[in-house]
Amino acid sequence: MSATSVDPQRTKGQDNKVQNGSLHQKDAVHDNDFEPYLSGQSNPSNSYPSMSDPYLSSYYPPSIGFPYSLSEAPWSTAGDPPIPYLTTYGQLSNGDHHFMHDAVFGQPGGLGNNIYQHRFNFFPENPAFSAWGTSGSQGQQTQSSAYGSSYTYPPSSLGGTVVDGQTGFHSDSLNKAPGMNSLEQGMVGLKIGDVTTSAVKTVGSVVNSVALTGVLSGNGGTNVNMPVSKPTSWAAIASKPAKPQPKMKTKSGPIVGGALPPPPIKHNMDIGTWDNKGPAPKASAPQQTPSPQAAPQPQQVAQPLPVQPPPLVQPQYQSPQQPLQPRWVAPRNRNAAFGQSGGANSDSNSVGNAQPTSAPSVESHPVLEKLKAAHSYNPKEFDWNLKSGRVFIIKSYSEDDIHRSIKYSIWCSTEHGNKRLDGAFRSMSSKGPVYLLFSVNGSGHFCGVAEMKSPVDYGTSAGVWSQDKWKGKFDVKWIFVKDVPNNQLRHIRLENNDNKPVTNSRDTQEVPLEKAKQVLKIIASYKHTTSIFDDFSHYEKRQEEEEVVRKERQNRNKQ
């Protein structure tokens, strides 16, 4: 009798007579009905490959359902609920009937050792499945899904892995070694995260579960409760370090109370050095307080001595950046700090006198003294009401060139500017003066007025400018050397420059005579407080440094 056929008179959709019957009906069952289950599958008339091969994929299991659970144990018929000996069968696509194996026949032989034996291992030695199940009831397992019974297909046959919340694989322990089922059940409850954080944060859900305890302890031990007891009081543990740590910090604060004043002083240092005029010496004090961190109080007494050198060192780093920046700010706008630095670069003895006195009185450079003796700068009487003459705006890239123009009484513009100035000078000849209104790009003020005294010599290069690209030179005579802010002249607009303010002019921009009179009047009558003379020694020092660099370049080129 073939294992794949039951009764030739039975229709395909007819139910099994013994499926829903009780155990007492087994007396009415004939012995021939059990032959397909007791005999081996020896007839090779199957039209589909044998399922005993563990490497073949299951073709038909998804179409078969299992309405009962094997969680009832032990398997005896005395007083136990009726257990069916025959299972339902699914109709195969080829028209033949295929009977799934029954859990009752766990011994070798029959269908138990052929169909799915190697793959599923449905028949373990111990039939007490109640000890392997989860904390849920048996009825919940059967009602959870169509595959919620113990005969669910393993993840390998379904082509996927166990997903969180998939209750159809609670009884996969049948096809796994002891302990593997509990491991998977424990992993289902776990969430994404490392082991330590999950064990602590999910104390009530993960650690207390039977599945995870069995996995961690090995043979169902209770060793997991040891680490569980620690995180249960983690609120108390968190409260302990949270409270004493702030207290320790607060205690350390007053101990190092002397170090608290320096941080605000640092801000005052930055602000005072650039914006304020007076607190420049005060700003230098905090620089030394943070550097030695050990004892700030005794150093405050010794600070007056080292207070002065730091501001002297700072201008050396700040001043070289001035000619490089297009938006340059005159150092004298910082007043005493840069006035002292200018004198200190050339003469260190002038530092002591620089603090109480004003910046102009500090300057005692011999070159500046000779210039003041030879020229009467900023005259009180000046004829600004010109009857004839021409006035031009001169825009300089750096104040270094202004310093050298005053020192050598020369100037040089661009090629286009030289031609314009030379033509204006030759056109005026002796009819009237040609005045030049000097301003440094980005300075925000005019720095002086000079008169053009000679035509442009195009074949001569002065070689004293901060950049070597300038060619040609002409003589000038400086009349006013003072800083006049742009806000004093911004109201004067030039009709020959799109009616723009005179302060918004380009190099060699000519100013109409009537507007030039207004500009000259304001500059002559303006009472200045700063000028390039305040930083004359500073620029002298920079010129010496540039000459050293220029000589080194020349020596390298010769080699």
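Numbering starts at 1 and runs along the chain as displayed.
Every residue, even glycine, has its Cβ placed from backbone N, Cα and C.
Noted in Swiss-Prot for the protein shown:
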- Lys395, Ser396, Tyr397, Asp401, Trp411, Cys412, Asn441, Trp465, Trp470: RNA binding site (BINDING)
- 24-33: compositional bias 'Basic and acidic residues' (COMPBIAS)
- 279-305: compositional bias 'Low complexity' (COMPBIAS)
- 314-326: compositional bias 'Low complexity' (COMPBIAS)
- 343-361: compositional bias 'Polar residues' (COMPBIAS)
- 389-523: domain 'YTH' (DOMAIN)
- Ser2: N-acetylserine (MOD_RES)
- Ser182: phosphoserine (MOD_RES)
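Here the features listed in Swiss-Prot are painted onto the structure.
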residue : record           : CB count, 10 Å
Lys395  : RNA binding site : 18
Tyr397  : RNA binding site : 19
Trp411  : RNA binding site : 30
Asn441  : RNA binding site : 14
Trp470  : RNA binding site : 20
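Looking at the residues that bind RNA per the record, Lys395, Ser396, Tyr397, Asp401, Trp411, Cys412, Asn441, Trp465, Trp470, the two CA atoms farthest apart are separated by 17 Å. For the domain 'YTH' (389-523), the DSSP-based tally of helix, strand and coil residues reads 41 helix, 45 strand, 49 coil. Across the domain 'YTH' (389-523), mean pLDDT in this model comes to 94.
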